[in-house]
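**Q** According to TrEMBL, the protein has these features:
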ACT_SITE  C16  active site, nucleophile
BINDING   S298, D360, D361  Mg(2+) binding site
COMPBIAS  482-496  compositional bias 'Basic and acidic residues'
DOMAIN    16-235  domain 'Glutamine amidotransferase type-2'
REGION    471-507  region 'Disordered'
Amino acid sequence: MLTTHPFDDDKLREECGVFGIAGIDDAAAMVALGLHALQHRGQEAAGITCRNGKEFYSHRALGPVAGNFDSEEIINRLRGDSACGHVRYSTTGAGTLRNVQPLEADLASGGFAIAHNGNISNALALRDELVRHGSIFQSTSDTEVIIHLVATSKYRTLLDKFIDALKQVEGAYSLICMTAEGMIACRDPLGIRPLVMGRIGEAYVFASETVALDLVGAEYVRSVEPGELIVVTNGELRSHRPFPNNQARPCIFEHVYFSRPDSIVDGSSVYSVRKGIGAQLAIESPVDADYVIPVPDSGTPAALGFSEQSGIPFELGIIRSHYVGRTFIQPGDGVRHLGVKLKHNANRPLVNGKKIVLVDDSIVRGTTSLKIVQMMREAGAAEVHMRIASPPTMHSCFYGVNTPKREKLLAARKSIEEMREFIQADSLAFVSIDGLYRAAGEDTRHDLQPQYCDACFTGAYPTVLTDRDGEEETDQLTMLNERSDSSGTARDHEPSGDLPRLKQSAN
Ligand code: AMP
């Protein structure tokens, strides 16, 4: 969840993580633990809301879970037997605390808290409409439109109002909501973002990834199905399927990069899929080298797979400092550029004079690859080959993943040979889209009905993108107006009394 436009690439966005538990003492302490396990999904803000009887208590903070939620004083204030929480990537700065989730509201039915992973791709359009009809927004988050749609729904029960709201939103959402009566967990009809369910004693647990279940000692039951809405009230669980059946399109990038390798996403071990991608790469783009070297940590499982398949020894030629955050989350090109050096260092004695094949999960802007290749050359590597465990990232994501504006994506601007030249490698290859699907357990990608959302690689967006399309129209209108301005013509097309366009946010 974030307050910036998805194309504003100086304000990087990451995915978010959600966790909820219903029916256990000290629920908030369990959520704090669960959020620790999801910290890789967003490090800039965290929040927990719990319910004690009908009363809701919340704590939200900028920064990671550690340091914000491990004090007894804070956890003691969050008493109750149900709680939900959220970690997110965000911009920092004044005013962002009001966007930290769970968002909370008092509805006619009582308290309501919502934690969202994903991005609603028609949030701007819905928000404009709601504001026109008198809604007063408290945040700039796309998630808040769901609260207003629920609050203004003409249906009678909270569940019907909630379903009515969801039927109006487009895009990606894995949601955990706490109501005055219980907890609701649901996943958008295409299941773009992950969500799993577990049990611990009599309590039900929901989380973005299974690693969070492991941490709290919950047993993994199953994934929440795409389009499924699960309601837990007084220890009873009910599953609803309010949407027509669709071919699910879970995000394939969860397997490539986002999810932790020790998670099970939609029934598959992320670690095995990543190793499988590495093996595919070795089959598709073999190379003669002395060592296979992962770009740690995200390239490690794929490098192992590459090494096993090719028979080239796996070695740690780059050592990563664990005391700095992900390079990608440093704002601004200047700092991001330094961040790579902060994070990685060459194992000089190992790579000196050797032909090496580096394996990383993806190239976005190319900053990391360029720095790492340079680092290997400075350390004396004789040849540096780069293998990437995903197809070229050519398109922006509108479903809650941090990708910059399209023109900043290296692969959208350059051919593979030009990219190789840019990162100064001796060779560069990406896994094919079919190779990626094979590693994810499919024979091939069904072009007419793909089994995953792979829009960042193919541009095949599985939903309507109302806000993006509106934005493109606005850009065109602005260009037209600018042209007519410069020719001295009055701006007679400016829509009068229109609301200012709000920045979109993702979760
Ligand atoms: P870049 O340096 O811009 O090419 O980014 C590529 C590096 O960022 C890779 O090493 C990935 O591990 C990492 N990465 C890729 N996608 C994301 C993302 N959405 N959020 C954070 N890091 C990412």
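From the backbone N, Cα and C atoms, a Cβ is placed for every residue, glycine too.
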**Q** Do me a favour and check the Cα-Cα span between C16 (active site, nucleophile) and S298 (Mg(2+) binding site); whole Å is fine.
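**A** Distance (Cα to Cα, whole Å): 18 Å.
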**Q** Determine, for the Mg(2+) site, the additional residues of the same chain whose CB lies within 8 Å of the mean position of the CB atoms of S298, D360, D361; present them in sequence order.
**A** V256, Y257, P294, V295, G299, A302, V359, S362, I388, A389
**Q** Would you mind giving the whole-number mean pLDDT across the domain 'Glutamine amidotransferase type-2' (16-235)?
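**A** Summarising the domain 'Glutamine amidotransferase type-2' (16-235) by its mean pLDDT gives 95.
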**Q** Within 10 Å of the Cβ of S298 (Mg(2+) binding site), how many other Cβ atoms can be counted across all chains shown?
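**A** Other Cβ atoms within 10 Å of S298 (Mg(2+) binding site): 23.
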**Q** Sequence gap of 6 or more, Cβ distance under 8 Å: name the residues on the same chain that satisfy this around D361 (Mg(2+) binding site), in order along the sequence.
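**A** Once residues fewer than 6 apart are set aside, D361 (Mg(2+) binding site) is near V256, Y257, R274, V295, S298, G299, A302, I388, A389, S390.
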**Q** Where does C16 (active site, nucleophile) sit in DSSP terms: helix, strand, or coil?
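**A** For C16 (active site, nucleophile) - judged by DSSP and reduced to three states - the answer is coil.
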**Q** Return the residues near D360 (Mg(2+) binding site) by Cβ distance under 8 Å, restricted to its own chain and a separation of at least 6 in sequence.
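**A** Counting only residues 6 or more apart in sequence, the Cβ neighbours of D360 (Mg(2+) binding site) under 8 Å are P294, V295, S298, G299, T368, S369, I372, M386, R387, I388, A389.
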